[in-house]
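J.: I'd like to ask some things about the structure below.
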Amino acid sequence: MKLVIVSGRSGSGKSVALRVLEDLGYYCVDNLPLQLIGPLLAQLKGNNDKVAISIDIRNMPEQEKALEKELARLPEGVELTSFFLNSSDKVLLKRYSETRRLHPLSRSKVSLQEAIKLEGKMLAPISNMVDHFIDTSNLNVYELADAVRQILLGRTDKELVIIFESFGFKHGMPTEADFMFDARFLPNPHWEPELRPLTGLDEPVKLFLERQVLVNKYIWQIENLLETWLPHLERNNRSYLTIAIGCTGGQHRSVYIAEQLAKRFANSHHKVEARHRELNAKA
């Protein structure tokens, strides 16, 4: 089992790091009390082999001793990686002033500036215990995400999951689509009696549609559009891209086009899935 512990000063980017870990398949728990680390790992054993937790000033008193104690009690076979995120007092003060959020130690009736300094002193022992220290003072959220991925994966690029989803307009449009293409103007196998009961997954329907010049041109143009803009979408730090293809009933044309696009992009470095909403609904 892999365990990642993320600690750091409030406002330094722990929530960003946790989101990156979640995108990488980690089971993430924010602000977990230290004494619950062992029970959590025991409960997840066999179901989740990658776990990430964040700990901060709110978790425990006497942090250095408590953390050392809990880490010493980790089960055998746990591969531990730890991060500490830090920013300068000036940057943290600016971030809190901009967001108007309450610092965890501000409840102690101290000023924001005093709370930031106090937290830095209290967390200093932990910052010396971790594997990786990241100063986020001059990093934006994308650069911080890249830094975390670089440490864990040895590379900064994240795996973009591309989903090609077929659907029928008469059953409603999907709400989660990033791109949507209408295939209702293309030649329709529905009007061929022998093809009507079949789907875009069946060979006779495939043969019918692959002979249509308009269908091939439409697929090529969608492919060209996506290839042009994919690098820009990846740089936007997204995890999923859903391309919806719709025809009237979601049985023939949209299914065929979604399958063809999935095959063409399967050779790229992305993870590609083809989903067929109406066919799955009938299954």
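Positions of Cβ are set from backbone N, Cα and C atoms, glycine also.
Heads up, here are the entries from Swiss-Prot:
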- G8, R9, S10, G11, S12, G13, K14, S15: ATP binding site (BINDING)
- D56, I57, R58, N59: GTP binding site (BINDING)
J.: Taking 8 Å from the centroid of the Cβ atoms of G8, R9, S10, G11, S12, G13, K14, S15 as the cut-off, which other residues in that chain fall inside it around the ATP site?
T.: D56, L85, S87, T136
J.: So of all those binding-site residues, D56, I57, R58, which one's Cα sits nearest to G13 (ATP binding site)?
T.: D56
J.: Spatial neighbours of G8 (ATP binding site) among the binding-site residues D56, I57, R58, defined as Cα within 10 A: which are they?
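T.: Those close enough are D56, I57.
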J.: For the binding-site residues S12, S15, which Cβ has the most other Cβ atoms within 10 Å, all shown protein chains included?
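T.: For the binding-site residues S12, S15, the Cβ with the most other Cβ atoms within 10 Å is S12.
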J.: Just checking: which of G11, S12, S15 have a Cα that is within 10 Å of the Cα of D56 (GTP binding site), counting only these binding-site residues?
T.: none
J.: Select one residue from K14, R58: among these binding-site residues, choose the one with the most other Cβ atoms within 10 Å of its Cβ.
T.: K14
J.: Of the binding-site residues S10, S12, K14, S15, which one has its Cα closest to the Cα of I57 (GTP binding site)?
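T.: Of the binding-site residues S10, S12, K14, S15, S10 has its Cα closest to that of I57 (GTP binding site).
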